[in-house]
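**Q** This is the structure I have questions about; it appears just below.
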Ligand SMILES: NC(=O)C1=CN([C@@H]2O[C@H](COP(=O)(O)OP(=O)(O)OC[C@H]3O[C@@H](n4cnc5c(N)ncnc54)[C@H](OP(=O)(O)O)[C@@H]3O)[C@@H](O)[C@H]2O)C=CC1
Ligand SMILES: CC(=O)[C@@H](O)[C@H](O)COP(=O)(O)O
Ligand SMILES: [Mn+2]
């Protein structure tokens with residue numbers, strides 16, 4: 001039996017993780033969950049899975065839940081709550097599916113408590129990859145990728161030494177505005193941006209996908225997870241999202257991972273690695289049904305957020321912290337309909353110019369820069 005702590009249980013990855021858990025009750029038990037503000041969905045999960053530990057975002061919701069649940073569960077809130085859920089004593093693995101850099105501190109605590117981490121929460125690696133990778137090595141815990149591209153690369157690498165690899169090739173769908181010119185992007189709406197062609201995901205990552213920042217964050221995530229220099233990480237446009245990513249070896253062989261878009265597959269693999277389990281609900285891939293797969297060279301001027309992410313990644317240090325915080329803040333403003341779609345990249349660019357760089361930041365410095373950058377982006381509104 002594998003005991004699982006799940007951060008972000010009410011979200012897109014969270015719900016799909018619960019589906020995987022529910023399909024294999026003889027193998028998985030949900031021991032702790034966190035969610036933000038969706039108490040109604042949270043209560044459905046609590047009634048079905050009866051986790052011992054529950055963490056919510058706000059104190060008021062925690063007080064209400066304590067009254068409703070009595071002795072059934074321990075209820076916490078805020079960052080302390082996320083940490084309590086992440087380090088639940090009986091948990092073997094933490095699935096981190098929370099959105100944003102709020103996932104950083106609970107991940108650090110879980111690693112220090114010796115928990116393996118199934119990581120969907122890419123912002124944690126983008127904001128503080130050096131801290132996470134060092135700690136994971138020190139505490140001998142596994143970081144198992146959930147993100148579809150990274151799960152694909154992990155499987156194509158199959159334990160091979162990085163020395164054998166010439167290139168990681170991440171595929172990008174192009175997002176909601178794949179075929180738009182930059183001129184056409186000027187007037188796009190939030191609802192249009194939220195309409196991803198291939199994946200049903202949370203709002204923030206769907207916008208990231210439309211700006212191509214998602215791929216930028218994924219390049220940085222790949223740099224940390226697979227210890228690869230940026231010069232060996234490429235992105236190619238592939239509108240069908242059937243090839244999830246590829247690894248090109250030094251002998252010229254390229255290995256690809258294919259499948260219909262279904263996040264339950266990489267989630268399950270992270271939970272069962274190195275074994276594989278039946279996964280019946282997924283539609284199997286029939287290439288003859290699809291007929292053709294398409295590929296296009298990435299255009300860094302059209303998708304400027306990807307260029308910004310490469311530049312930030314190459315610079316390293318707190319540059320990726322600032323990139324991530326500025327992006328979270330700017331996407332938040334776009335979702336609140338306070339800025340235009342193209343202002344997202346404009347605000348990020350300004351925040352990176354304004355940023356005071358630190359090469360080897362401590363956790364405290366990262367947290368300070370995260371807060372300061374968000375404030376700076378807010379101040380651009382006035
Ligand atoms: N969705 C996908 O297919 C994929 C997602 N990812 C990554 O996985 C992560 C989660 O994405 P996704 O599931 O789409 O996101 P969602 O927005 O669907 O879900 C986010 C979850 O985090 C909770 N949450 C958000 N903010 C806070 C906070 N401040 N404190 C506590 N809890 C919070 C939400 O709670 P509530 O809703 O209750 O407020 C929800 O449970 C992201 O890092 C994303 O990039 C990676 C690959 C694919
Ligand atoms: C499902 C998943 O892993 C997402 O990160 C997905 O990759 C988004 O697709 P694009 O960023 O390629 O549009
Ligand atoms: Mn992805």
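Think of each number as a place in line: the chain as shown, counted from 1.
Note: Cβ is positioned from N, Cα and C throughout, glycine not excepted.
Found this in TrEMBL, in case it helps:
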- 4-129: domain '1-deoxy-D-xylulose 5-phosphate reductoisomerase N-terminal' (DOMAIN)
- 10, 11, 12, 13, 36, 37, 38, 121, 123, 202: NADPH binding site (BINDING)
- 122, 148, 149, 173, 196, 209, 214, 215, 218: 1-deoxy-D-xylulose 5-phosphate binding site (BINDING)
- 143-226: domain '1-deoxy-D-xylulose 5-phosphate reductoisomerase C-terminal' (DOMAIN)
- 147, 149, 218: Mn(2+) binding site (BINDING)
- 258-376: domain 'DXP reductoisomerase C-terminal' (DOMAIN)
**Q** What is the maximum Cα to Cα distance, in Å and rounded to a whole number, among the residues 122, 148, 149, 173, 196, 209, 214, 215, 218 annotated as binding 1-deoxy-D-xylulose 5-phosphate?
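**A** In whole numbers, the farthest two Cα atoms are 19 Å apart.
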**Q** Between residue 147 (Mn(2+) binding site) and residue 196 (1-deoxy-D-xylulose 5-phosphate binding site), how many Å separate their Cα atoms?
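**A** Taking the Cα atoms only, residue 147 (Mn(2+) binding site) lies 16 Å from residue 196 (1-deoxy-D-xylulose 5-phosphate binding site).
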**Q** Can you tell me whether DSSP puts residue 10 (NADPH binding site) in helix, strand or coil?
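**A** In three-state terms, residue 10 (NADPH binding site) counts as coil.
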**Q** Looking at the binding-site residues 10, 36, 147, 149, which have a C-beta within less than 6 Å of some atom in ligand 3?
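**A** Those binding-site residues that pass the cut-off, since their Cβ is under 6 Å from ligand 3, are 147, 149.
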**Q** Please list, in sequence order, those binding-site residues from 10, 36, 38, 122, 123 with the Cβ less than 6 Å from ligand 2.
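**A** Qualifying residues: none.
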**Q** Which binding-site residues among 147, 149, 196, 214, 218 have CB under 6 Å of ligand 1?
**A** 147
**Q** Just how many other Cβ atoms lie inside 10 Å of the Cβ on residue 36 (NADPH binding site)?
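**A** By my count, 18.
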**Q** Of 149, 196, 218, which binding-site residues come within 10 Å of residue 123 (NADPH binding site), going by C-alpha to C-alpha distance?
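**A** Of everything listed, what lies within 10 Å of residue 123 (NADPH binding site) (Cα to Cα) is 218.
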**Q** Which whole-number value in Å describes the distance between the Cα atoms of residue 36 (NADPH binding site) and residue 218 (1-deoxy-D-xylulose 5-phosphate binding site)?
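**A** Rounded to a whole number, the Cα-Cα distance is 24 Å.
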**Q** Determine the C-alpha span of the NADPH site listed in the record, that is the greatest distance between any two of 10, 11, 12, 13, 36, 37, 38, 121, 123, 202, in Å to the nearest whole number.
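**A** The span, Cα to Cα at its widest, is 21 Å.
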**Q** Using DSSP, break the domain 'DXP reductoisomerase C-terminal' (258-376) down into helix, strand and coil residues and give each count.
**A** 70 helix, 3 strand, 46 coil
**Q** Taking helix as H, G and I and strand as E and B in DSSP, count the residues of the domain '1-deoxy-D-xylulose 5-phosphate reductoisomerase N-terminal' (4-129) in helix, strand and coil.
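**A** Per DSSP, the residues of the domain '1-deoxy-D-xylulose 5-phosphate reductoisomerase N-terminal' (4-129) fall into 66 helix, 27 strand, 33 coil.
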